[in-house]
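As recorded in TrEMBL:
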TRANSMEM  56-79  transmembrane segment
TRANSMEM  91-112  transmembrane segment
DOMAIN    131-307  domain 'Palmitoyltransferase DHHC'
TRANSMEM  178-197  transmembrane segment
TRANSMEM  270-291  transmembrane segment
Amino acid sequence: MTRFKWRYSSELKKLFTRYRARWSYAKIWFRRLITEFDSDTCLEPMFWFVDNYTHLLGPFFIFAVSGLTIAVVVIAYWIGLPFWWEKSPKATVFLLIIGNWLLLNVIFHYVMGVITPPGEPPQISDGSFEVRKICKKCHLPKAPRTHHCSICKKCVLKMDHHCPWLNNCVGFFNHRYFFLYMAYTTLGCLFLIIFGFELGYKHIWLDHGDSWIESEPLEGQPVKFNLSGHIIPVTHAHEYDDDLLLPAKHALPTPPTSDDGTYTMGRRRAIIFMATTNVTAVLALGALTIWHAKLITHGETSIEALINQEETERLLKENKIYVNPYNFGARKNWKLFLGLVRGRTFWRSVLLPSWHKPEGNGLTFHTVHDERVYLSTDEWP
Ligand SMILES: [Zn+2]
Ligand SMILES: [Zn+2]
């Protein structure tokens, strides 16, 4: 009992100290805000919130990604599959194979991105890697390309960024999973947009839904189109073209009709949801995939892109040219990133899910300054 009481009071004390520290920090921040109003001070609480609470939001993000993926797949099977089956069973089989191959890759790379730790440096340096610095936050030796993540509160090997959607840092061991997840999701959404376009066009554009009711039937009333394309009644006798005018035939697409002649609101909403989700995903993830592909082509991570940019500008002032030590040329950079060495093929290791680990240990890296004999071979390190 005494022990419990002691523990209870010590926990309470810790909590009190923590909140007192936060309160003093808030007061200092507020004073700074009113004396030296600048963007850094304004954004400070936001950074603090991101650093301290992003990991709590992580499970929510994973839940959101999983929920959206399941919803999109269910709607594709519920509405898309019968639509295509009616058009062509052969085409449907082909689309099922392509669609499920994309889905398999999306799920595999997402799950692997979430569950694969990005890699941490060892607690002590045994001399097997070059220690660039000692981390100011976790006091561990920092290997080249290692950076500290303020959300995970630890150093991460070849850190790219902290991804809230994966609730994980993207680093040495899971970078490939992260990139291929984005690439396959963009392709998957593009696939649904392309092969769902006709369906969406017919249901949303041509069909006005149940709410659209013809208020005054035009039956029996002679009508004509005015110059702005509206239907207006014919009022003058000479405008009649008597019986010679046959009912117009056209080849315009018509709204779909089901057996009972109606389409439920749920179906319309599902299609609108599909269109919105897939177009948004393609725009956002597509842009991100292209940006990361550019970084991979240059042999740099997101963090290194910023550092390299600064270094390039700094050296340019001294009339020098900065060389990224990890840029071996586009082809080699991609081969290294995708792990297409030691006989691995694009067909097996990229087009199909593959568990292979990246080359090396994430602590030491080849650079362009290494001996040419190393750089010319495909076997790394
Ligand atoms: Zn650290
Ligand atoms: Zn992190």
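Numbers here mean position along the shown chain, with the first residue as 1.
Glycine is no exception: its Cβ is also placed from the backbone N, Cα and C atoms.
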Go through the chain and flag residues at least 6 beyond the ends of the transmembrane segment (270-291) whose CB is under 8 A from any CB in it; none is fine as an answer.
68, 71-72, 75-76, 78-79, 179, 182-183, 185-186, 189-190, 192-193, 196, 199-200, 203-204
For the transmembrane segment (91-112), could you work out the same-chain residues 6 or more beyond its ends whose Cβ comes under 8 Å from its Cβ atoms?
65, 69, 73, 76, 81, 84-85, 166, 174, 177-178, 180-181, 184-185, 187-188, 191-192, 195, 352-353, 355
